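> One structure, pasted below without further comment.
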Amino acid sequence: AEDSRGTQLHRALRKTTKLSLSIRCKGPGASCIRIAYNCCKYSCRNGKCS
């Protein structure tokens, strides 16, 4: 049971990651969280997309 639950969680996580990437991505100079990858085509440096 634990195995399938982990897989479901992983799937849901991947889905929300894709959604946040396409919908809530930010342009250069916007504040960002490195682990959230929420910059469009930019990398997160010092809390800002650059």
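Cβ atoms here come from the backbone N, Cα and C positions, even for glycine.
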> Going by Swiss-Prot, which one of Cys32, Cys40 is joined to Cys25 by a disulfide bond?
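Recorded partner, per Swiss-Prot: Cys40.
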> Which of these disulfide-bonded residues is closest to Cys49 (disulfide bond) if you go by CA atoms: Cys25, Cys32, Cys40?
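Nearest in space to Cys49 (disulfide bond), counting only the disulfide-bonded residues, is Cys32.
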